[in-house]
């Protein structure tokens, strides 16, 4: 009874705190009420403070949509349906996340599951699309290549369907050495394809250097696992000034065949000739090889084509509903409270790495080592993280710190905000730079 009383008093204080912040900040409380009532083994002691976290949580809610349990508790305006899926948060505690990953799945009577592999050239937008499908940013996003350095699953659970989203990177041995990437990344795509139910091929149509053909690595995966159904997603269509370009690209990327039927796009074929194709500078590298000795640039076995912007909720919703409809009868692999298989520490390292790639020039961010010194829950329930950034060159120390320490402070602030959206608690992130001797 004492524990119940403390939980109840904590809930009252939390509700009053949110009321003081206003309804917009309260919308950031996605799915936290069940934690206070003891339905989920997830520790949540507080939300972020008003000055720093309140606006960020409210903006995240507007981005991913309202409809939390606390919204209904407070009587705030609801979306069209009370059945709006609740996006789980990730626990700040590794042991809780580990327990949830091995917890018996809370399946309905007729569960369905779909294992999806998302393939695409570097910078095609795989992480952005994955985050939008999941409803929360758990994968790092950067304009530079090879932002994601470890394989992890995203888990989407709605009603009786569960989607396992795998986004393995496609790299060559040369690029693995150049960017100091993990050796396991060379094997990840092939392991993922072995258990895939559906392959989603993502192409950035705004990149004039690569959009006219599928990458050799993607074609190799599709050819070797041709029995796995596949769909084509043409991303960033909002960046195209002339929508007619999509006809040319569709013809090239599908070889004029979709779902076993020839496309009636004669004009597109006439306008797409070898002379108009300009291979990218990277495509001219020694690590690019034709598949099976042929000059194939497209795949004629796609079942569907989606043209979208990964930043558009409506576009992504259409793709998400398609994926949910493709789920097949079978047992779930994870509890519905699982959003990703990453550990909290891996998520933190990836988010900080995203900021390093965003703000540091050229090869500098690829040579930064990260070492977490402190990871603990503070007295008010906040997550306290202390991480050292290790560099091998003295010149890199000054670059990373920035003038009067402004750059390292900005990286810490932006990474901390992203982590608050993931863990739904206040985050105090402290970064320092050290020269390796």
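From the backbone N, Cα and C atoms, a Cβ is placed for every residue, glycine too.
Looking up the ranges 235-238, 239-242, 243-246, 247-250 in TrEMBL, the one annotated as region 'G4' turns out to be 235-238. Looking at 158-161, 162-165, 166-169, the stretch flagged in TrEMBL as region 'G3' turns out to be 166-169.
Of the given residue ranges 104-111, 112-119, 120-127, 128-135, TrEMBL assigns the label region 'G1' to 120-127.
Among the ranges 96-100, 136-140, 141-145, 146-150, the stretch that TrEMBL annotates as region 'G2' is 146-150.
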